[in-house]
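See below for the structure under consideration.
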Amino acid sequence: MTATKIPYNKAADDIGQWNRMPSRFRNLIPSQHFPPEKGRYVLYVNYCCPWAHRTILVHGLKGLEDIVQLVEVDARDSTHGWWFSGKRGPDRDPVYGVKYVKELYLKADPQYNGRITVPLLWDKKHETIVNNESSEIIRIFFEGFDDFLPVDKREISKGAAAFVPTQLRTQIDTLNSWVYDNVNNGVYKAGFASSQAAYDEHVTKLFEALDRLEYHLSEASHYPYLFGEHITEADIRLYTTLIRFDISYYTLFKCNKKMIRSDYPRLHAWLRRLYWNEGPETAGGVFKNTTFFDAIKRGYSSVAAGNGIVPAGPVPHILPL
């Protein structure tokens, strides 16, 4: 994926910055070098980061808890990058005992001098990084480990309930690409704009996109989820931005023309429907159970405002259905 080119912003990089350099590690599972195996792979994540959150969601929705190890990296240092503080997650990497994610990157490639990012999919057998691009990791998780899952959890068995149904693949890919540019990255383009003109341009495009998504959900074929009756990849990729919108982007990123809860009734209903759903289609509440509002607000406050002061509102973080 290629984002608009504007100057690098260190603060934005701290929480999953939008001006993303091409990911260095782009291997897939299954492949000759990386076959699917139970217990072989580790997913390193941070719960504030929306890019990591999408991989966490798919990991849970697919029921990969006993197949791909999930490890939380809970802190970020301005010098060394992501590290294990022990406040929320482990105080060291449970696989190698290292303190910094940077050490994993250097273990995979001693000459590596790129950005240190999460999510990170690691191979314990070859002691290297499989992939650090969130959109590819979630596609790996959709089908890559299906042989270890019950038949009803395999994408080939789910028909119209698959996360990327064959008949909707082109439409989902098109919407994903547009949402990525205008919404997922749109909030970062506005929040870290380097001039008034850039901010005005990007915040306008962001809210035009939200208006379009609101209309999209008004169509019968796009209800109750973005492509109808079943949750798809498109819902997952949009959710991680919109669940952060009112609590972080509205205030800290100056995306404050409208709020989801007060100005977009269909998007608001869609968001709450995903969050509060504890049925089998959400694996018992994966959206709710992996959304930690306090961690999200602290993470964004530490870089967007520069002083770590966390906004009090909105209250509540999300409204009931």
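Cβ atoms here come from the backbone N, Cα and C positions, even for glycine.
Here TrEMBL flags Cys49 as active site, nucleophile. Over all protein chains present, the Cβ of Cys49 (active site, nucleophile) has 25 other Cβ atoms lying within 10 Å.
Marked as active site, proton donor/acceptor by TrEMBL: Tyr188.
For Thr117 (glutathione binding site), other Cβ atoms within 10 Å of its Cβ number 25. Taken from TrEMBL, the feature glutathione binding site covers Trp82, Arg115, Ile116, Thr117, Val118, Glu133, Ser134.
Taken from TrEMBL, the feature domain 'GST C-terminal' applies to 165-292.
Here TrEMBL flags Tyr249 (among others) as site 'Lowers pKa of active site Cys'. When other Cβ atoms within 10 Å of the Cβ of Tyr249 (site 'Lowers pKa of active site Cys') are tallied across all protein chains shown, the result is 26.
TrEMBL lists Tyr300 (among others) with the feature site 'Lowers pKa of active site Cys'.
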Using DSSP, what's the helix, strand and coil tally for the domain 'GST C-terminal' (165-292)?
90 helix, 2 strand, 36 coil
Round to the nearest Å and give the CA-to-CA distance linking Ser134 (glutathione binding site) with Tyr249 (site 'Lowers pKa of active site Cys').
21
Spatial separation of Cys49 (active site, nucleophile) from Tyr188 (active site, proton donor/acceptor) - C-alpha basis, Å:
12
Expressed to the nearest Å, what is the distance separating Val118 (glutathione binding site) and Tyr300 (site 'Lowers pKa of active site Cys') at their Cα atoms?
16
Counting Cβ atoms within 10 Å across all protein chains shown, which of the binding-site residues Ile116, Val118 comes out on top?
Val118
To the nearest Å, how far is the Cα of Arg115 (glutathione binding site) from the Cα of Tyr300 (site 'Lowers pKa of active site Cys')?
19
